[in-house]
Amino acid sequence: MHYYRYSTAEVSCWYKYLLFSYNIVFWLAGVAFLAAGLWAWSEKGVLSDLTKVTGLHGLDPVVLVLVVGIVMFTLGFAGCVGALRENICLLKFFCGTIVFIFMLELAVAVMAFLFQDWVRDRVKEFFENNIKSYRDDIDLQNIIDSLQRINHCCGAQGPEDWDFNIYFDCKSESKSREKCGVPFSCCIPDPAQKVVNTQCGYDIRKKSKSQWDEQIFVKGCIHALEAWLPRNIYIVAGVFIAISLLQIFGIFLARTLISDIEAVKANNAF
């Protein structure tokens, strides 16, 4: 089904270049993500030895950056070229992919709401796997430290989760100095200290549990995040709505341009 905006069908320059501008932002962002990810991998020596990624028990944050970069670069390229060249195949690819991502986001949101216990178990499993790799990847280490420091939490469900890491495990035969301790990001900060004490968590779990809360956070990060969500529900909803509106706007522009191109082709066929 085609529609005509004017008595003589034509491709709207307004929609054409608006879609191009919309996608050039995606393309540039994709380039930036790819450049940042490849630079991070080169700094860690991954580009010369890709087994460092496959051998990691947890998630390498750089992989996520690269995946996002590839998706944004591909969509931006398809949208830009499709708009400028009035290529229906590229425009349909762009539109279809955006629709797929939008539906996937909705499905994840609904699943997370309906199956909260299952999601909680998967998050716990994910967090524990990343605790195992805490000392194996500097980017992962920084993310876990930031998460614990900002949310005033320690481990997935508590400080004892650090037994999953060989360096902190109380039962391990390792001679690590960090044995039976926790990372410094679990420590309650001392306002009087201007320099971060990275050894503040050493041997803390050798003490009685009743003494832990004097030096470290005892709340697990899963519980901290569950408490954070209701307090910031409007921010989370606002971000979700903003992203959804941007996607719907992109779908509208692409579908409108596709309809214009098809209308012009049909008009020229007579």
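Backbone N, Cα and C define each Cβ position, glycine as well.
Among the features that TrEMBL reports, transmembrane segment is placed at 20-42 (among others).
According to TrEMBL, the transmembrane segment annotation covers 62-84 (among others).
The transmembrane segment annotation in TrEMBL covers 91-115 (among others).
The disulfide bond feature in TrEMBL is assigned to Cys153-Cys186 (among others).
Annotation comment: TrEMBL describes Cys154-Cys170 (among others) as disulfide bond. Cys170 (disulfide bond): 13 other CB atoms within 10 A of its CB, across all protein chains.
Residues annotated as transmembrane segment in TrEMBL: 233-254 (among others).
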Using a Cβ-Cβ cut-off of under 8 Å, list the residues of the same chain that are 6+ residues beyond the ends of the transmembrane segment (20-42) and lie near it. 62-63, 65-66, 68-80, 83-84, 94, 139, 249-250, 253
Under an 8 Å Cβ to Cβ limit, what residues of the same chain, 6 or more beyond the ends of the transmembrane segment (91-115), are close to it? 23, 75, 78-79, 82-83, 240, 243-244, 247-248, 250-251, 254-255, 257-258, 261
Spatial neighbours of Cys153 (disulfide bond) that are distant in sequence (at least 6 apart) but have CB under 8 A: Leu147, Cys186, Phe217, Lys219, Gly220, Cys221, His223, Ala224
